[in-house]
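Have a look at the structure below, then the notes.
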Amino acid sequence: MSDRLTLLRPDDWHIHLRDGAVLPHTVADVARTFGRAIIMPNLVPPVRNAQQADAYRQRILAARPAGSRFEPLMVLYLTDQTTPEDIRTAKASGFVHAAKLYPAGATTNSDSGVTSIDKIFPALEAMAEVGMLLLVHGEVTRGEIDVFDREKVFIDEHLRRVVERFPTLKVVFEHITTGEAVQFVNEASANVAATITAHHLLYNRNHMLVGGIRPHFYCLPILKRNTHQASLLDAATSGSGKFFLGTDSAPHAQHAKENACGCAGCYTAYAAIELYAEAFEQRNALDKLEGFASLHGPAFYGLPANQDTITLVRDEWTAPASLPFGELTVIPLRAGEKLRWRLEEHA
């Protein structure tokens, strides 16, 4: 087995960079590895139109390390009030590549999200017409639905209806976590794809709950049982172009995670491709990593693949115990633990 793995430079099709003083830290971490990233719009207030997306994009570009060519791909935050004109203006900008459906209350900063799917049908119709992708956080939020079942129920109650109603709309089912989601994507048309996180490939709910509650494993959608983890590994390593890399790296300050009511999100951007390599190596599928990380996403988005490369080397190193996060700190996933692959840094 080779101790070096060279890939076309990957992209991250789902990341949270946050805003303000933390941007120099979060942008540096993603730009170290990825050529482009789909930037989540769930700021406070959210990124609802092309003008706000451009302002956020400029802040991200200003935070890039010297010499970086990292490109942020912007996303609109759908609300009940999003209009077809909002969609057309965003598409015409050239820098907004998708719009994001957050069911209201489903995750961090989703309170302004969609309260009823039917309310955004005019916007979805416009998206289908102009070729803008729909990104979906696929969980219902009704209190009587068990948190471990919310993805499956969303598929049955909402997602099937959306893809049937808008067959030409390209849909990315983001950060899928269940066997049911894998099956849905596999059986859907070529216009439906999914992203998978490194933490959902490497971990299941036992890692979060057995032997004590580990808040840095807490994310939404929540980690599921190991049978679902196995389904995700099958999908990611299958070679299917329907599945591609999206870290959902979502930093929160240490005090907000280590809390009686801790925030949801795992910070993986600092070592994302290294973590994915571990997952693919578990399945003896390192030969499938380039497709998943570097090729399938651009193809689905209608963009060219990156032309430069990165190299991973099998060289054990210890993840930092904490990382700077503005004036605070963030605890990364695997803090203080050994990682088996290291990104080779070029001078």
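Each Cβ is built from the backbone N, Cα and C atoms, and glycine gets one as well.
According to Swiss-Prot, the features are:
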- H14, H16, K100, D248: Zn(2+) 1 binding site (BINDING)
- H16, L17, R18, N42, H137, L220, H252, A264: substrate binding site (BINDING)
- K100, H137, H175: Zn(2+) 2 binding site (BINDING)
- K100: N6-carboxylysine (MOD_RES)
- D248: active site (ACT_SITE)
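Sequence features, as recorded in Swiss-Prot, placed on the structure.
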residue : record                 : Cβ within 10 Å
H14     : Zn(2+) 1 binding site  : 27
H16     : Zn(2+) 1 binding site  : 24
L17     : substrate binding site : 24
R18     : substrate binding site : 23
N42     : substrate binding site : 22
K100    : Zn(2+) 1 binding site  : 25
H137    : substrate binding site : 25
H175    : Zn(2+) 2 binding site  : 26
D248    : Zn(2+) 1 binding site  : 27
A264    : substrate binding site : 16
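Here the candidates are the binding-site residues K100, H175, D248, and by Cα distance the one nearest L17 (substrate binding site) turns out to be D248.
When the binding-site residues N42, H175, H252, A264 are screened for a Cα within 10 A of the Cα of H14 (Zn(2+) 1 binding site), the ones that qualify are H175. Long-range Cβ proximity for H252 (substrate binding site), meaning a same-chain Cβ under 8 A and a gap of 6 or more residues, is found for T108, G262, C263, G265, Y267, V330. In sequence order, A106, T107, T108, E139, A264, G265 constitute the residues six or more apart from L220 (substrate binding site) in its chain with CB-CB distances below 8 Å. DSSP classifies D248 (Zn(2+) 1 binding site) as coil under the three-state reduction. Ranking the binding-site residues N42, H137, H175 by the distance of their Cα atoms from the Cα of H16 (Zn(2+) 1 binding site) places N42 first.
The Zn(2+) 1 site, placed at the center of the C-beta atoms of H14, H16, K100, D248, has further neighbours from the same chain whose C-beta lies within 8 angstroms: I15, I38, M40, N42, L135, E174, H175, G246, A250. Close to the recorded Zn(2+) 2 site, the chain also has H14, M40, L101, Y102, T107, L135, V136, G138, E174, D248: residues not among K100, H137, H175 whose Cβ is within 8 Å of the site's Cβ mean position. If you take the Cα of N42 (substrate binding site) and the Cα of D248 (Zn(2+) 1 binding site), they are about 12 angstrom apart, rounded to a whole number. Proximity to H175 (Zn(2+) 2 binding site), judged by a C-alpha distance within 10 Å, picks out H137, D248 from the binding-site residues R18, K100, H137, D248. Among the residues the record lists as binding substrate, namely H16, L17, R18, N42, H137, L220, H252, A264, the two farthest apart have Cα atoms separated by 19 Å.
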